[in-house]
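Now, the feature entries from Swiss-Prot:
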type: COMPBIAS; residues: 322-332; note: compositional bias 'Low complexity'
type: COMPBIAS; residues: 333-346; note: compositional bias 'Acidic residues'
type: COMPBIAS; residues: 362-373; note: compositional bias 'Basic residues'
type: REGION; residues: 322-373; note: region 'Disordered'
type: TRANSMEM; residues: 26-46; note: transmembrane segment
type: TRANSMEM; residues: 142-162; note: transmembrane segment
type: TRANSMEM; residues: 166-186; note: transmembrane segment
type: TRANSMEM; residues: 193-213; note: transmembrane segment
type: TRANSMEM; residues: 251-271; note: transmembrane segment
type: TRANSMEM; residues: 280-300; note: transmembrane segment
């Protein structure tokens, strides 16, 4: 068995473990700091919405264009007066996105691009997206996200309890905020692929959280009938028992996404992969973090505020104090007995061998001598 497998077995049986719940304030602080940074980035820089959401034009040139991406981007911005995004496709053609343009402007931009690129205007394909259609798509995307969140909370409240539903909801908001904030900070374009990535990472984060919650539900069944563990301690054991599984699942999911983001988008220059791969990469990492460090410790906080759990904690601590007192008294009695049994250092050595007794004067009187008379 591998070392990781051995560690997983020891974590599952409670032989080793890290106290996530005890140190929850540290993880809460880290999450709050990251979330504030994401919100500030979102407020200052804002999201770079794609033309699918704000409207605009997309121009596609013929294959095997010799013009560079940077030069084409400069020509497109000069022709339109707006920011342009240029991507070189696999067949050598150029894809030029310009937001905030209408039909009349797109015709003029198309003429200017044909002159700069030395290509006939008829060979440049132009697709227009109206701003009203983009707003409609954006509104439907947000509505779909909101409906998803509501359904998740209802399901968790029915399958588990409302405290777990609330903790899972907080974890999902945590993951969305961090992912959207990272998008704002790096300046990547928000496209329908980004929305797909967000929905995907929400499902993954929810799955990872439900795995821990299911283990917690099983281990806390009839918890008030015992006086060995508190709810927080059982919650911590649930995290540790599923820790290796969560790590393995996260690593396996992150590897192909990292390949899309860093190799496909970064090294090979396939920029269209960035919109979905970045949301998946950040969201998967944030989801794994929130399911371990946020959701379950938050459930422990909410549960231990209940009167039953408070009474259980008092009984557990009282029993431990009583056991510790008995252990100390037994240990002190054993030490005292051992001290009394020890001889002092200056004691004379014990006499070993036959004991010399004084001779009796009347020894042999009245007894037959054994001689014949």
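Just so you know, glycine gets a Cβ as well, placed from its N, Cα and C.
Since the structure is predicted, the reported quantities are computational estimates derived from the model, not experimental observations.
A contact between the transmembrane segment (193-213) and the transmembrane segment (26-46) is absent, since fewer than 3 of their C-beta pairs, 6 or more residues apart, lie under 8 Å.
Contacts between the transmembrane segment (280-300) and the transmembrane segment (26-46): present, as 3 or more C-beta pairs lie under 8 angstroms, all at sequence separation of six or more.
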